[in-house]
Amino acid sequence: MPGRYCCKYVTIPAFFLVRQKIPLTRQECSIRHRERAATHDRKHVVSVKRVSKINRAVMSAEVVRGSAHRSGDFVVSASKRKMQKVAKVGGEGVLLVLASFVAIVVLFIFYFVASDAIPYFKLRGFSEFFTSTSWYPANDPPQFGALAIIYGSVMVTLGSTLLAVPMGVAAAICLSDILPFSVRQYAKPVIEMLSAIPSVAYGFFALVILAPLLQANGGPILMWAWLLLASPFLLLAVIVAADLLSAKIDNDKQRHLVSKVLYVVMGGASMLLLYVVAGTLDRMEILTGTNALNVSIILSFMALPTIVSVSEDSLQAVGRDLREGSYALGATRAETIVKTVLPAASSGILAAVILGVMRALGETMVVWMASGNSSNMPSPWYNYLAPIRTLTATIAGDMGEADQVTGSARYHVLFAMGLLLLVVSFVSNLISERIVARQRRVLAGQ
C-alpha cells in the first residue's frame with residue numbers, strides 16, 4: 001500500500017527524457033535518504049582531502065621560495081634576478097662614471113692652472129706678487145706687482161655686494177610674504193630675465209650710457225639714486241626697529257605710545273641722514289665715468305637675479321605653520337618676518353649671497369669695458385670714483401700680449417692670477433657650505 005509522498009519527483013533513466021511523479025513508500029524514502037547522506041559525506045571527505053593537499057602544496061612552495069630568497073636567488077626566476085642585478089650594477093656604474101668625470105674635470109682645471117702658475121712663483125717668489133703695486137709687465141726688467149689689481153677686484157666685488165644684497169633680500173621678502181600671488185607670478189620672471197642678458201650687453205650699457213651720464217651729471221644722478229634706493233630701506237628699517245623695540249612692553253597703551261615716539265625720532269634721524277648724504281652727493285664731481293662705481297652698479301644688477309631667486313625659494317620653503325604660529329602668538333608681520341622667517345631661511349639666503357659674490361668676482365667683460373683698466377691703487381683707498389683694474393680683466397687683456405712660446409714670466413703670472421681666483425672661489429664655497437650645514441643643525445636643534 002503506497003505511503004505518503006516523500007519525494008515529489010524522481011528522475012527515471014535518461015533515455016526516457018521525461019520526469020514523472022512516482023509515489024514512494026517509507027522504506028524507499030529512508031533508503032534514498034541514507035544514500036544521499038553517504039554520497040554527501042564522500043564528497044565532503046574528498047573535498048577536505050583535496051583542500052589539505054592544496055594547502056600542503058602551497059606551504060611547500062612557500063618553504064622553497066623562502067629558502068631560495070634566503071640563499072639570495074629565486075629558483076624559478078634566476079635569469080630574471082641575474083638581469084636585474086646586472087642592470088643595477090650597470091646603472092650605478094654609469095652614475096659613478098659621470099660623477100667621477102665631473103670631479104676629474106675640476107681637478108684637471110686646477111692642475112692645468114697650477115702647473116702654469118707655479119713656475120712664476122719659483123722664478124719671482126710670492127713677495128712681489130702680493131705686496132707690490134707696480135704692474136709694468138712690458139718694462140725691462142718687468143714688474144709684476146698685483147696688489148693694486150687684487151684690491152680692484154675686492155673693491156668691485158664688495159661694492160656690488162653692498163648694492164645687490166639689500167635689494168635682493170628685500171625683493172625676495174616682498175615676493176614671498178607681501179605681494180599677492182597674482183603679482184608675484186609676473187614679477188619674479190621679470191627679475192630672473194636679467195640673468196639672460198649677455199654680459200657684453202651690460203658692458204656696452206656701462207660704457208656707452210652710464211659712463212657719460214656719470215661724467216656729465218654724476219652728482220645729481222648719485223643724489224637721486226641715493227634718495228630713490230635709500231628711502232624705502234630706511235623706512236622699512238624704522239618700521240621694523242620701532243615694532244621690535246615696542247614689542248617688549250606689555251601694556252598696550254604704553255606700547256602704542258612708545259611706538260609712535262620711536263617712529264617720530266627714528267624717522268627724523270633717517271630724514272636728516274638722507275638730506276646730509278644727498279647734499280654731499282649733489283656737490284660731487286666725477287672726472288671719468290669708467291670707474292669702480294660704474295662697474296659696481298652694473299655687477300649688482302647682474303648678481304641681483306641669483307640673489308632674489310635663491311632667497312625667495314628659501315623663504316618659500318619655510319612652512320606656513322611657522323608663520324601661522326607666530327601670528328597666533330600675537331606677533332606682527334614685521335616680527336614674524338624678522339624673528340621667524342628670516343632665521344629659518346638664513347642658510348638659503350647665505351647661499352644666495354655667496355653665489356652673488358662669486359658672480360661678481362668672476363665677471364670679465366663688464367669690468368674690462370667699464371673699469372678704466374688702471375693698475376694704480378685708488379687714492380684715497382676708498383675712492384670708488386677712480387678707475388681700477390681687476391684680475392679677470394687683466395687676464396683677458398694681457399693674455400694676447402704674453403709670450404706663450406717661450407713661457408715667460410708675463411705668461412705665467414696670468415696663470416698665477418687665475419689660480420688665485422680658483423682658490424678664492426673654492427675656499428668661499430667651502431666656507432659657505434660649512435656655515436649653511438651648521439645653521440641647519442642649529443635650526444634642527446641638533
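Each Cβ is built from the backbone N, Cα and C atoms, and glycine gets one as well.
TrEMBL annotations:
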type     : residues : note
DOMAIN   : 150-432  : domain 'ABC transmembrane type-1'
TRANSMEM : 89-114   : transmembrane segment
TRANSMEM : 144-175  : transmembrane segment
TRANSMEM : 196-215  : transmembrane segment
TRANSMEM : 221-245  : transmembrane segment
TRANSMEM : 257-278  : transmembrane segment
TRANSMEM : 290-310  : transmembrane segment
TRANSMEM : 349-370  : transmembrane segment
TRANSMEM : 411-431  : transmembrane segment
Review point. With pairs 6 or more apart in sequence, are the transmembrane segment (290-310) and the transmembrane segment (349-370) linked by at least 3 Cβ pairs under 8 Å?
Key: yes
Given 89-114, 196-215, 257-278, 411-431, the one sharing the most C-beta pairs under 8 Å with the transmembrane segment (221-245) is 257-278
Other same-chain positions with a Cβ less than 8 Å from the transmembrane segment (411-431) and lying at least 6 residues past its termini are 109-110, 113-114, 116-117, 119-121, 123-124, 129, 137, 144, 146, 149-150, 354, 357-358, 361-362, 391-392, 394-395, 398-399, 402-404
Under 8 Å Cβ-Cβ from the transmembrane segment (89-114), and at least six residues away from its ends along the same chain, one finds 415, 418-419, 422
